[in-house]
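**Q** One structure, as structure tokens, below. Some questions next.
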């Protein structure tokens, strides 16, 4: 006789018939069975992952409690951190203004953008390591406060060298903000995880739109210094609300803080009005968290290498398209761009052009194209899976890039650029869903941090293609972007693990059945015997 309770049930009555417990009589088998120990690393069958008599895991609790009031609050607060897109968008507004006001040559203007990406690239892995070693909340709070402090301070920079250093330090802080996705994902039930991570990505698009609108109001009256100060507003709100954030229960379990993890789960259950699972919370303590070698174990080696290339390609293509959009819009089409580049060459590098109202309008429309990308990704990611979503996004971008070879008119050019940007931003968002899901809790923050660092390498290289190579051959430039995305689509297909319908793995040493296979596939009325 095997006696167990259906996974996810969290209430018990004195009578077995009411409690939801079931007995299964196995005929033809002797009634007294000896206990069998699973070998090291063997998966626990999901039917018996949460027995009635003793234990449950964080994954069980998160699934049983479900999505509710707590997760809605968490969405808003982590979204405020994610709205740091304003600190990125400001680069396209700040550069021409300083070019005119301080009479900077073109290479110094370009360096203002590059130094931010250098800061992000150099810090992403560090922030991931801090988040795995000392907690997700700790890493996120320090990185946001760092970005906030130096972002406001850069508004008081007296000379070019000061603002260059301060914006580099801002970039160093921004490198840790993606850890908000790690913290957020670890509190989400499996069915809601992809949709919710994609929805907080909306805060990125909202941040860029808000930055353009803020610039329209502030720049003509108060100037760029006040724009830098006011752009830190979402991070200031986050700093005021971050005291509410709990530490990840998954991290607490892995670091041995069972009582703290249990208190966090009870708090979530109370806020959501849901009961806690019965039994004792299992801890799977692991001291060696956040180690780079764990990303290259046999189970994750290919995943890590392929993800690094996918993230590199995402940023390389995304920021490349942003740079190309300006050139193509000003030229009218691909066929006219070569003659325009030669006209620009004849100009002095100190030629000054302030942003006009039309420029701000173009920036706004280009930014709005990211919202369709979110909606498309939201619709397909749980239908066809994470890997196929990323592959499809890269393929559509590559196809649109090749269509730019045609001498199309302004309207068709706009449509192609918008479709390309929508899908490449959608691919970026799908990578943000997949990466926290595929790595175990012990290395999740580090895995996301290293991937984010590789993305910044792509962002650093892309100006040499989108601007320097463009002067030689616009067609070769488009072939480079299209070819890179075709390879990234193949890399997405070759990823060893599809995370759709799977729970989050905890330890990098053991693989639990209930950690890797979710119970979302069972309908509420379906028996699990």
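We number each residue from 1, going along the chain as drawn.
Glycine is treated like the rest: Cβ placed from N, Cα and C.
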**Q** Under TrEMBL, the annotation transmembrane segment belongs to which of these stretches: 197-218, 263-284, 329-350, 351-372?
**A** 197-218
**Q** Which residue range, 142-163, 164-185, is the one TrEMBL calls transmembrane segment?
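**A** Within the set 142-163, 164-185, TrEMBL attaches transmembrane segment to 142-163.
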**Q** Which residue range, 47-67, 299-319, is the one TrEMBL calls transmembrane segment?
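**A** Of the candidate stretches, TrEMBL labels 299-319 as transmembrane segment.
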**Q** State the non-local partners of the transmembrane segment (389-406) in its own chain: residues 6+ outside its ends, Cβ under 8 Å from one of its Cβ atoms.
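**A** Counting only partners 6 or more residues beyond its ends, the transmembrane segment (389-406) has Cβ contacts under 8 Å with 310, 313, 317, 321, 328, 334, 377, 380-381, 413, 416-417, 419-420, 423-424, 426-427, 430-431, 434, 475, 478, 481-483, 485-486, 488-490, 492-493.
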**Q** What residues elsewhere in the chain lie close to the transmembrane segment (74-95), defined as a C-beta under 8 angstroms and at least 6 residues from its ends?
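**A** Non-local partners: 109-110, 112-113, 116, 140, 144, 147, 151, 170, 174, 177, 180-181, 183-184, 187, 196, 199-208, 210-212, 214-215, 219, 224, 227-228, 231-232, 234-235, 237-238, 241-242, 244-245, 355, 363, 367.
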**Q** Quick check for me: are there 3+ Cβ pairs below 8 Å between the transmembrane segment (299-319) and the transmembrane segment (446-466), leaving out pairs under 6 residues apart?
**A** yes
**Q** Using a Cβ cut-off under 8 Å, which residues of the same chain at least 6 positions beyond either end of the transmembrane segment (446-466) come close to it?
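**A** Residues packing against the transmembrane segment (446-466) from afar: 110, 113-114, 117-118, 120-122, 124-129, 131-132, 175-176, 178-179, 181-182, 290-292, 294-295, 304, 307-309, 311-317, 319-320, 323-324, 327, 431, 435-436, 438-439, 477, 480-481.
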**Q** In this predicted model, what is the average pLDDT of the domain 'Major facilitator superfamily (MFS) profile' (73-500)?
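**A** Mean pLDDT for the domain 'Major facilitator superfamily (MFS) profile' (73-500): 82.
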